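Pulled from Swiss-Prot, these are the features on record:
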SIGNAL    1-19  signal peptide
CARBOHYD  57  N-linked glycosylation site
CARBOHYD  76  N-linked glycosylation site
CARBOHYD  83  N-linked glycosylation site
CARBOHYD  86  N-linked glycosylation site
CARBOHYD  228  N-linked glycosylation site
CARBOHYD  235  N-linked glycosylation site
CARBOHYD  242  N-linked glycosylation site
CARBOHYD  268  N-linked glycosylation site
CARBOHYD  280  N-linked glycosylation site
CARBOHYD  292  N-linked glycosylation site
CARBOHYD  305  N-linked glycosylation site
CARBOHYD  329  N-linked glycosylation site
COMPBIAS  359-381  compositional bias 'Low complexity'
COMPBIAS  395-418  compositional bias 'Low complexity'
LIPID     419  GPI-anchor amidated asparagine
């Protein structure tokens, strides 16, 4: 019986090996692309019309005016169309799979690219396509997508895509809308410097590692529940942010320089693993919509001309706090009460409004005596200036303040230690402001 089993197993291995050899050898040599081959005319592409599968990296360039790759269903390698400055259109509508990357780059008069059957590709790069108006595909699987410096008005070629590693869309000045059914983003979702009326819709997205939005007009993330790393909104024309299902942000949460922003709605958000930064949003008079936020793992930094800050459920800030309003109507009472109870655990606590300031230096002894503090409080009647975070000021402040944050799994952040005597008069930049640099640099 054992002998029969051994013979059967050996026969199966031999059959599998022969099948693999047969499969490999079934691809004719004419369908194998040499390492330095470049197609510069349609006749070069026609040579592959009898191939179901191409093996190698296909590069297209030169003086080709219109191009078509007919009948090929699979490329075991990459497809690159580069610097074909006379090319106006390209089609490969039989192509279903590219094991490596699809690259369309520096095609100055290309108006359309059609890959109607393409379902699987490792990465897509559409870069410097100033005349393109349409890109067609049926992508269901892609790890990385980069779309930069094109004239696309909408991104419609990814309507079947459910998961992605990187989705980066930047510097597409005519872009007005992006709507995607993506459900998970394992690395980063980034939109920046596109058309100033761009609308972003990712209503099926449930989880993302990192999201960064810059120069966006409106956003919709109806089902987003968790951000493993950071979430940032920098310099947008958004009027409201509604993320009612979001409950956890693993690291930094930044809302900076959104002049038209008036409303926040993060009613289910309970934990921020890193810092919370809300700064220089000139239209945001009342900062609310954070009703269930209980824990901030880093520092709390809020700067602007707001009249109220509602953080009623907040129990713990593991870093320091720097809250400064230009409005004389803003009250520091709630934050001072939280600090006195030991809820703000960092070395510094600064709260200012247009009429007064409260600054506290915590003694080193306090950290070893169950959060008992020795505090020196100074008050001033001079008017507070709204901080303007220029790159020069931020970098200078950053050298005086450092913030460490653990990985996405632990999601913790500690405030800077060292010479942190925060007894700054109103209008003087405190070292904690340096935190904003690290935040902006980390998400851009």
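Glycine residues also receive a Cβ, built from the backbone N, Cα and C atoms like all the rest.
Residue environment of residue 305 (N-linked glycosylation site) contains 18 other Cβ atoms, counted within 10 Å of its Cβ in all protein chains. Taking CA atoms as the reference points, residue 242 (N-linked glycosylation site) and residue 292 (N-linked glycosylation site) are 15 Å apart. The glycosylation sites near residue 268 (N-linked glycosylation site), taking a 10 angstroms Cα-Cα threshold over the set 76, 83, 228, 235, 280, 292, are 292. A gap of 26 Å separates the Cα atoms of residue 235 (N-linked glycosylation site) and residue 292 (N-linked glycosylation site). Counting every protein chain shown, the Cβ of residue 242 (N-linked glycosylation site) has 16 other Cβ atoms within 10 Å. Proximity to residue 76 (N-linked glycosylation site), judged by a C-alpha distance within 10 Å, picks out 57 from the glycosylation sites 57, 292, 329. Note: the CA-CA distance between residue 329 (N-linked glycosylation site) and residue 305 (N-linked glycosylation site) rounds to 10 Å. There are 17 other Cβ atoms within 10 Å of the Cβ belonging to residue 76 (N-linked glycosylation site).
If you measure from the Cα atom of residue 292 (N-linked glycosylation site) to that of residue 280 (N-linked glycosylation site), you get 23 Å.
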